[in-house]
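Q: Pasting the relevant annotations from Swiss-Prot:
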BINDING   Ile791, Gly792, Lys793, Gly794, Cys795, Ser796, Gly797, Ile798, Val799, Lys813  ATP binding site
REPEAT    105-129  repeat 'LRR 1'
REPEAT    251-274  repeat 'LRR 6'
REPEAT    564-586  repeat 'LRR 19'
REPEAT    587-610  repeat 'LRR 20'
Amino acid sequence: MSLQMPIPRKKALTVSHFSITLSLFLAFFISSTSASTNEVSALISWLHSSNSPPPSVFSGWNPSDSDPCQWPYITCSSSDNKLVTEINVVSVQLALPFPPNISSFTSLQKLVISNTNLTGAISSEIGDCSELIVIDLSSNSLVGEIPSSLGKLKNLQELCLNSNGLTGKIPPELGDCVSLKNLEIFDNYLSENLPLELGKISTLESIRAGGNSELSGKIPEEIGNCRNLKVLGLAATKISGSLPVSLGQLSKLQSLSVYSTMLSGEIPKELGNCSELINLFLYDNDLSGTLPKELGKLQNLEKMLLWQNNLHGPIPEEIGFMKSLNAIDLSMNYFSGTIPKSFGNLSNLQELMLSSNNITGSIPSILSNCTKLVQFQIDANQISGLIPPEIGLLKELNIFLGWQNKLEGNIPDELAGCQNLQALDLSQNYLTGSLPAGLFQLRNLTKLLLISNAISGVIPLEIGNCTSLVRLRLVNNRITGEIPKGIGFLQNLSFLDLSENNLSGPVPLEISNCRQLQMLNLSNNTLQGYLPLSLSSLTKLQVLDVSSNDLTGKIPDSLGHLISLNRLILSKNSFNGEIPSSLGHCTNLQLLDLSSNNISGTIPEELFDIQDLDIALNLSWNSLDGFIPERISALNRLSVLDISHNMLSGDLSALSGLENLVSLNISHNRFSGYLPDSKVFRQLIGAEMEGNNGLCSKGFRSCFVSNSSQLTTQRGVHSHRLRIAIGLLISVTAVLAVLGVLAVIRAKQMIRDDNDSETGENLWTWQFTPFQKLNFTVEHVLKCLVEGNVIGKGCSGIVYKAEMPNREVIAVKKLWPVTVPNLNEKTKSSGVRDSFSAEVKTLGSIRHKNIVRFLGCCWNKNTRLLMYDYMSNGSLGSLLHERSGVCSLGWEVRYKIILGAAQGLAYLHHDCVPPIVHRDIKANNILIGPDFEPYIGDFGLAKLVDDGDFARSSNTIAGSYGYIAPEYGYSMKITEKSDVYSYGVVVLEVLTGKQPIDPTIPDGLHIVDWVKKIRDIQVIDQGLQARPESEVEEMMQTLGVALLCINPIPEDRPTMKDVAAMLSEICQEREESMKVDGCSGSCNNGRERGKDDSTSSVMQQTAKYLRSSSTSFSASSLLYSSSSSATSNVRPNLK
C-alpha cells in the first residue's frame, strides 16, 4: 500500500507561476524569432528585387541567418528581441526599387538609403513605421508623389527627399509631423503651393524646397510661426508675391535663400529683427523699393546678395554697421547716390560688387580699411573723381573693375601695393597721366585693360617684369615713346593691342619672344624702321596689324612661317621691294592688305595658293607692274580685290574666273584690251575702271580715255552722227505708231493668256542670271518644280529641292506671283520694292561663309526663281522642334550655330557697303549644312540701310511673329538693332529648345518674358543640363549675351560685331580664367547634388556683366563674373 503525500498549497502556487512565465517567455521568443525571420525575408526579398545581381558588399546578407543584426548596413535594438532599428546604405549603387515591404520593420527608427540609385515610388506603407525618426532617401531616382501617410509619423525629426524625381504637391499632412526639424525636398519636380500647414510645426529648423521649378504661390504668412526656423530655402522656383512680414518673427533664422524666383514688392524692414541671420540671398528677382535701413541691425549677416532686382534709391549708410559682412552684391539694380563711407567700417568685407547701377560721387578713400577685400567691382556706373591712392593698401585685392565710369586724373602709383591683383580694367574713363611703373611689378596680373582713356607718357621699362600678363590692351590713348624691349619677357601674353596711340621707334625684335601671341595690333601709331624678321617665330599668331605707321624696308620673307595667320594688314606704311612669294605658305590667310606702300615688282603667283583668301586682297596704291597671273583664278572664294593705282598692264582675262567677287577696283593702271564679259565687270562703275587708256569694252573703239586729243575726235564723230539721227527720227516715229497699235492688241491677248498660265513660259522669254559657275539650264530647274519636291513654304514663296542632271542638288525658291517690271538696268536703278528685286540685289553682292550661297536667279513675266545651295540638315528651326533627336544636338553644335549666325549677321551689318538689314531673322531662316555649320538665308524682306524709305513705315510686316523687336509695334521702324533683337530670340530658342511662342511655356508667356522671369539654369534645355560644368558655364554666359540682345531699348542693345566678339571669347575666356584661378572653383567635372554648390548662381552672375556694350567687358567681365574663386564662395546653392 502506497501513501500519496499531499502537496503544500504554497508550493503548488510556485509551480503554477513558473509554468505561466515559461509560457510567456516561449510565446515572446517565438514572436521575436518570427519578427526577425520576417525582417530577414523582407531584406533578402528587397535585395533580389532587381534582375541585376546585388553588389558584392551585400555578400554578408545570408538568408539562413535567424536575424539580420550582424549584416552590413543593418543595426538592431540592444534588447533581446533583435529587431531592426536602422537601415543605413549610403553611396552604394543598388539600382533597386524602394523596399516594397517596408512596413515589416515595426521598430525601424532610421531609414537612410542615400545616393544609391534607388528607383520607383515611395510606398505609402512607410507611414506604418511609427517609430521612424530619420528618413533620408536623398540623391536617388525616386519618382511619384510624396506619400501623405508620412503625416502619421509623430516621432519623425528629419525628412530628406531631395535630389530625386518626385512630382506632385507637397502634402499638407506633413504639418502633422509635430516633431519634424529638417525638411529637405529640394531639387525635385514638385509643384503647386508651399502648404501653410507647415506653419503648425513649431519644431521646424530647416525648410529647403528650392530647385522645384514648378513650385509656385506665395510664401505663407504662417511660416512666421516656425519660431525655431534657421534655414528657409526656396531658390529657383516660381514662388511669387512679396516676402511676408511675418519672417521678422524668426529670430533664429540664419539663412534666407529665395533667389531666382518671381518675388516682387519691397524687402520688409521687419527682416532687421532676424538677429541671427547670416546669409541673405534674394538676388535675381523683381524686388523693388529701397533697401531698408533696418537691415543695418543684422550684426551677424555675412553675405548680402541682392543683385539683379529693381531696387532703387541710395544705399543706406546703416549697411556699413553690419560688421560681419564679407560679401555685398547689389549689382544690376537702380541704386543711386554715392558709395556709403560707412563701408569703410566693414573690416571683414571680401567682395564689394556694385556694377551696373546709377551710383555717382567718388570712390571713398576709407574703403582702404577693408583690408580683406578681394573683389571690387563698380563698373558701368557714373562714378567720378580720382581713384584714391589708398586703394593700394588692399593687399588681398584680386579684381578691380571700374570701366565705363567718369573717373579722372592719374592711375595712382599706389595701386602697385595690391600685390595679389589679377585683373585691372579701367577702360572708358577720363584717366590721364602716365602708366604707373609699379603696375608691371605685380607678378599675378593677367589682364590690364585701359582702353579709351587719355593716358599719356611712355610704356614703362618695367613691363618685362609682369610675366603673368595674358591680355594687355592700351587702345585709344595718347601713349608716346618706344615699345620697350622688355615686352619680350611676357611669355604668357596672347593678346597685345597698342593701337591708336602715338608710339614711335621700331617694332622691338624682342616681341618675337612672346610665343603665345595670337593677336598683335600696333596700328595707327608712328612706328618706324623695319618689320623684324624674327616675327616668324610667333607661330600661334592669327592677326598681325601694323597699318598706318611709318614702317620701311622690305616685307620679311619669314612672315611665310606664320601658318596660323588669318589677317595680315600692313597698309599705309612705306614698305618697298617686292611682295615675298613666301606669303603663299600662309594657307589660313583670309585677308591680306598691303595697300598704300611703295611695293614694286610683279604679283607673285604663290599668293594664289592661299585657298582660304576669301575676304579681301588689297594691293592698291603701290608700284606693282607686269601682267596679272592667270593663276589668280584659283582664288575662287575671294570677295574683294583692289589692285588700283599701280602700273599693271596687259589684259584682264585672268580676272574673269573670279566668280565670287563682290568688289573689284582696277583703276589707274595700264591695262589694255577688252573688258571680260562677266558679271563683275558688267557691274563696275567708271571710277573703278578709269585711268586705263588702252582698256575698251566690246562694241566701242574706246571706253575709258581721258586725254584731250581723243575727246576732240569724239566731238567730230558726234556731229556727224547727230545729222544721221535726225533723219532717222522721222522714219522711226511712223514705225512706232504702227507698233503701238499692235502692242495694245497683243497686251489684251497676254492678259487673257496670263489667267491660264502661272509661268507664262510661252509668252515671255526666261531671263537667267547666274552668280556662280553653273552646269545646268533653266529648263532643268523648271522640271523639278513639282509638288513632290516641296520642302518648305514661307511668307515669300515655296522652296523646292531640285536635283540637276549632273546629280547636283540645289534649293529653288519660287516667289509668290506678283506682276513687276522686267529687272533690266532701268528698273534696278529705279528701285523695285518687291521681295525679288531686294533679294537679288542683296544676295548677288555678298560673300560670307555663314551666309547661304546664292547661285543665281531666273524670271519671266510673273514667275521669279531664286537658286541656292541645298542644305541637307534643313533649318535650325526644324532641328530644334521637328526632329525627335533634338537632345542629341549637343552644346558644341549649338554653340557653333549661334556663333556662326552672329558672324554672318555681323558681316551684313558692318562689312557690307552699304550695310544690310536682314529684317526677318528667325530659326527657320538659319539653314544648317552637312557639318552643322549655319548659313543665314531668306533675304525676302532685306532692305539696304541707305534706301530712302528704309526708316519709314513699311506696308509689309518686317519679321516673323515671335521674333519682331518691340519698337516695331509703335514706330514701324526697322534698324540693325531690330535684327539684334531677333537674333537674341533665336539664341534663347537654341538654349531652351523652346519656340518663341511655345505651348509648354507656362501662362502663355513669350520666351523672352519667360527667360527674364526664370533667369536660371532651369531655362536651359533639359538635354543640356547634365553637360559638364564648364559647358553649362558657357551656356549661361551665352544666355547673358542673349539677354543683352533682347533689351527692350534698341540703343542699349550691342551691335552684332560686339555680339560676335563676345561669343567668340566665351571659350577663350574660360580657358584663361582657369590659368588665373589655378582651376579654383571652376575645374570641377561634376556636381554633387544636395551639396552647397555655386554653379547655377555663378552663371547668374555672368549676366550682370553683359549689361554694357563696352568692348572691354568681353575681355574681363565675362571671365571674372563666372570663374573667380572668390565669387564662387559667395554664391552657395542653399535651396
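The backbone N, Cα and C atoms fix where each Cβ goes, and this holds for glycine too.
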Q: Are there residues at least six beyond either end of the repeat 'LRR 6' (251-274) with Cβ under 8 Å to its Cβ atoms? List them, or say none.
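A: Non-local partners: 205, 210, 219, 227-245, 280-298, 300, 305-306, 311, 1013-1016, 1018, 1096-1097, 1100, 1132, 1134-1135.
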Q: State the non-local partners of the repeat 'LRR 20' (587-610) in its own chain: residues 6+ outside its ends, Cβ under 8 Å from one of its Cβ atoms.
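A: Hits for the repeat 'LRR 20' (587-610): 547, 555, 563-581, 616-629, 631-635, 642-643, 648.
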Q: Compute the average pLDDT of the predicted model within the repeat 'LRR 1' (105-129).
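A: Mean pLDDT, the repeat 'LRR 1' (105-129): 93.
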Q: Per DSSP, how many helix, strand and coil residues does the repeat 'LRR 1' (105-129) have?
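A: DSSP classes over the repeat 'LRR 1' (105-129) add up to 5 helix, 7 strand, 13 coil.
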Q: Using CB atoms and a 10 A radius, I'd like the single residue among the binding-site residues Lys793, Gly797 with the highest neighbour count.
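A: That would be Gly797, with the most Cβ atoms nearby.
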Q: Of these binding-site residues, Ile791, Val799, which scores lowest on Cβ atoms within 10 Å?
A: Ile791
Q: What is the three-state DSSP composition of the repeat 'LRR 6' (251-274), stated as helix, strand and coil residue counts?
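A: Final tally across the stretch: 5 helix, 8 strand, 11 coil.
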Q: Could you break down the residues of the repeat 'LRR 20' (587-610) into DSSP helix, strand and coil, giving a count for each?
A: 5 helix, 7 strand, 12 coil
Q: Can you tell me whether DSSP puts Ile791 (ATP binding site) in helix, strand or coil?
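A: Strand, per DSSP.
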